[in-house]
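One structure is given below, encoded as structure tokens.
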Amino acid sequence: MADLTFADGVGRQVDYWLTVWKRTWRSSVVTSFISPLFYVVAMGVLLGGFVDADPAELEGATSYLAFVVPGLIAAHAMQTAVGETTWPVMGMIKWHKVYDSMLATPLEVQHVVGAHLGAVIVRLAATCGVFTVVLVPFGVYESWWGPVLAFGSQVLCGTAFAMVVYGFSTRSKSEEVFNVVFRLGVLPMFLFSGAFFPIANLGDAGAAVARLTPLWHGVNLSRMFALDHVTWWVAGVNVAVLLALCAVGWAWSVSGLRKRLVS
Amino acid sequence: MTAPTEATAPATVRPLSAGAAAYLLVLRNLMVFRTQWKLFVTGFLEPVLYLFSIGVGVGVLVDGFEVAGQEVSYAAFVAPGMLAASAFNGALMDSTYRVFFKLKYDKLYDQVLATPMSTADVARGEIAWGQLRGGTYSAAFLVVMLAMGLLESWWALLALPAALLIGFAMSAVCMAATTYMKSWQDFDKITLVQLPLFLFSATFFPVDTYPASIRWLVEATPLYRGVVLCRELTLGAPTWASLVSVAYLLVLGAIGLVVVRRRLDTLLLT
């Protein structure tokens, strides 16, 4: 049996994921687009109307809406990524056993992981892309290239979460632990990693902890670009941290699935 | 046919009283939850985290609002909103996803109805359990508010029954809605109702933010009634108009309960 190249192995699953996407995109419209839009209107527009927009206090933003939007999209990328790599991955391993059937073909573990994560990244790009475009008329962006780089940051942020959480899911025996992941990981990060307010408001110690969370790196990067208020060395650190998480997460995911299903 | 003799007569089944039946179902839920205590404990965290993030973190950026003639800090404004929203969300989760699972996959109620319990007992038992769980969270949240100095008067003691009332009304209505669900896809519609209610029911900003044409609509929603009720109580400013909210939620819950019972009859007994 000739060994498949990585591109070949992933390529052979494109039609599978396309079929899944075609059948399920409708139900993802609510969670992907409508829910975050509700947050933008409630927090950004309505609550934002009561916030004194002092750029010195808002990391350079001239309105609370402009401040909160890039952070919200990055946080939404995290939630989408975690949602797509917890229950669905367990389903493929344990309930529907789709991975088993895939691995019974010439496909190998890294191809299966690559195609699934690829599908998640496409979905992240679609969600963040639509979102970024929808928000253009709100007048929250400072330059034309800012939102483009911000979009890249949001997808990178989501990808880092997807890769790490995928690795975690391959090692989880029961889905109950996912609820705890959401409550003790995703929700606190959503609320405290600078999406809703500058982490400076948390005090020195709190801000230091917030800077350790992966979400802050994504939020910060996305916001700096969207507001055209970039400190380049910080941006470099943010990108490096997210890329490192992707690399570690990838290795962890492939080894996790191999242990679970092959050896 | 001759009358059955004493030896072959079926053992008389003593019908359970409503209280005893509800107690049994609550006990069953409690036993199941003992293995999922992590979920139980972490459930309490959600409103507290929102309070610290939005109330305190974002609160630094907001000047505070005037409620019933008194100036209140943003945290004191948001906290009762979180109390009400958490009672609402908790009741919603318990009586939609969980009930749907039990109804459709576990077939739990089919088993329950094979015992001397009735569909009304199922409705009452599930709601009682939800109240017990939600009430625990609400009480703990009120303690957090007290520790943060966000309770302005003794009226705040009544915020606990108020939260229970919200939970009761929402449990009944959501359980009624769940009986109409066909698949998990239908739950998108629940999110579509839940999230706007959570975000727009004057939880995070006062209702006069809205233009008059939308404002009446917000004021007519159940969570808004719950939020203002809790806010009036924790800020020590209840009025006779508060009773409107109480009556609204009681009626809503009662209607929900009737519908649940009827629907369960159709789904499980015909």
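Using N, Cα and C of the backbone, Cβ positions are placed for all residues, glycine too.
Annotated domain 'ABC-2 type transporter transmembrane' per TrEMBL: A:21-223, in sequence order.
For A:29-51 (among others), the entry in TrEMBL reads transmembrane segment. Distant neighbours of the transmembrane segment (A:29-51): 63-65, 68-69, 72-73, 76, 80, 83, 123, 126-127, 130-131, 134-135, 138, 196; these residues of the same chain sit at least 6 beyond its ends, with a Cβ under 8 Å from one of its Cβ atoms.
The transmembrane segment annotation in TrEMBL covers A:63-82 (among others).
Among residues of the same chain six or more beyond the transmembrane segment (A:120-138), those with a C-beta under 8 A of the stretch's C-beta atoms are 21, 28, 32-33, 36-37, 40, 44-45, 65, 69, 73, 76-77, 80-81, 84-85, 147, 150-151, 154-155, 158-159, 162. Look at TrEMBL and you will find A:120-138 (among others) tagged as transmembrane segment.
Annotation comment: TrEMBL describes A:144-168 (among others) as transmembrane segment.
Annotated transmembrane segment per TrEMBL: A:180-200 (among others), in sequence order. Using a Cβ-Cβ cut-off under 8 Å and counting only residues 6 or more beyond its ends in the same chain, the transmembrane segment (A:180-200) has close neighbours at 43, 57-59, 67-68, 71-72, 74-75, 78-79, 82, 86, 165, 168, 206-207, 210-211, 213-216, 219-220, 223.
Taken from TrEMBL, the feature transmembrane segment applies to A:230-252 (among others). Long-range contacts of the transmembrane segment (A:230-252) within the same chain: residues 113, 117, 153, 156-157, 159-160, 162-168, 214, 217-218, 220-221, 224, each at least 6 residues beyond the stretch ends and with a Cβ under 8 Å from a Cβ of the stretch.
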I need to check the long-range neighbours of the transmembrane segment (A:144-168): which residues 6 or more away from its ends have a CB within less than 8 Å of a CB in the stretch?
70, 73-74, 76-78, 80-82, 84-86, 89, 113, 116-117, 120-121, 124-125, 128-129, 132, 136, 181, 214-215, 217-219, 221-223, 225-228, 238-239, 242-243, 245-246, 248-250, 252-253, 255-256
